[in-house]
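Feature annotations, courtesy of Swiss-Prot:
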type	residues	note
DOMAIN	11-76	domain 'J'
REPEAT	148-155	repeat 'CXXCXGXG motif'
REPEAT	164-171	repeat 'CXXCXGXG motif'
REPEAT	191-198	repeat 'CXXCXGXG motif'
REPEAT	207-214	repeat 'CXXCXGXG motif'
REGION	382-418	region 'Disordered'
MOD_RES	CYS415	cysteine methyl ester
Amino acid sequence: MFGRAPKKSDNTKYYEVLGVSKNATPEDLKKAYRKAAIKNHPDKGGDPEKFKEIGQAYEVLNDPEKREIYDQYGEEGLKEGMGGGGGVHDPFDIFQSFFGGGGFGGGGSSRGRRQRRGEDVVHPLKVSLEDLYNGTSKKLSLSRNVLCTKCKGKGSKSGASMNCASCQGSGMKVSIRQLGPGMIQQMQHPCNECKGTGEMISDKDRCPQCKGEKVVQQKKVLEVHVEKGMQNGQKITFPGEADEAPDTVTGDIVFVLQQKEHPKFKRKGDDLFYEHSLSLTEALCGFQFVLTHLDNRQLLIKSNPGEVIKPDQFKGINDEGMPMYQRPFMRGKLYIHFSVDFPDSLTPDQCKALESVLPSRNASRLTDMEIDECEETTMHDVNIEEEMRRKQHQQAQEAYDEDDEGHGGAQRVQCAQQ
């Protein structure tokens, strides 16, 4: 972060917590921490807050860079450089890294090393509407990291590792830059030597199978079951199948369903919508057609005798929609949306034939005198949606231009005064 160099504040507290002088050597700090940590460990009836304070003091004073900041600026300097609480790790993790996994006398701590949770791995899974209607299974081959079986995830032949000398086993480094008089920049970043692990393994001791990486790649085939009625965006989870890592609870592999567009059917919840066009003759005189459903069943769709279908009319069929998720014997509705195709023009004879069977035209006819008093107009075809979009864009542009003319000058003058 960037900021003013913090004022000097109390820089003796951490030394007092460990019971050492300000000139204490790293060996003095280790001895003091060992004694204080064992005495105050919660598993031995100690005070958790005191134990946390001891771990915090040791982590700061055992790191040469953090200790330098603390000696110069106290806790305030650490907070400004590392955000809030000084970037301190879990006190139990510090204890475990110091004493190893055995805890007290090999019996192990009841709390143990706190494991972090690994990241979930998310994959999109494309499915058709037919897949969601009928249900399906898909086999997918994936590569993932698993703990090396030869070294059991230790990375070494002996199963041992050393704390990184560069970062004192914390995995993090703090760098300080002087930007100018009274201005400093402090940044925390992963240690370059150990790549943030806090551990180092000698070349001779590296595991020959994983080369010290602790994990190896494994190919695995997962069978994903897509159940009837599942939705676009729904997740299918395989717990604990993501990448493995030491001291880490393995995350999940998550498949997110992505439904492909269907040319005829649209889905809304548990209902299906189907578009169908009728000729004017069919709309007026009746129709029938075969609808091929998502499971390839053939449905006969026909109008009732004497029924007239209007443009944009909907008809519904019960229990022919989507299966309901985890209730596959219950289904939504199938709605058919009708559009009517009108002829582009009619001959005079066709008009007379239609007039003979259709309701007569409006009885009120205009006289020649009334027509002479009117102004003639010419109609043209329009795409109403495109027209509305164009008008909205034009109105928005005019409003923007008006606002710029009304306030732009005053704002520029104000900025000039500042």
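Each Cβ is built from the backbone N, Cα and C atoms, and glycine gets one as well.
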Dominant neighbour of the repeat 'CXXCXGXG motif' (164-171) in 148-155, 191-198, 207-214, by Cβ pairs under 8 Å: 191-198
For the repeat 'CXXCXGXG motif' (191-198), distant same-chain residues with Cβ under 8 A (at least six beyond the ends): 97, 163-167, 169-173
DSSP-assigned states of the repeat 'CXXCXGXG motif' (191-198) in counts, ordered helix, strand, coil: 0 helix, 0 strand, 8 coil
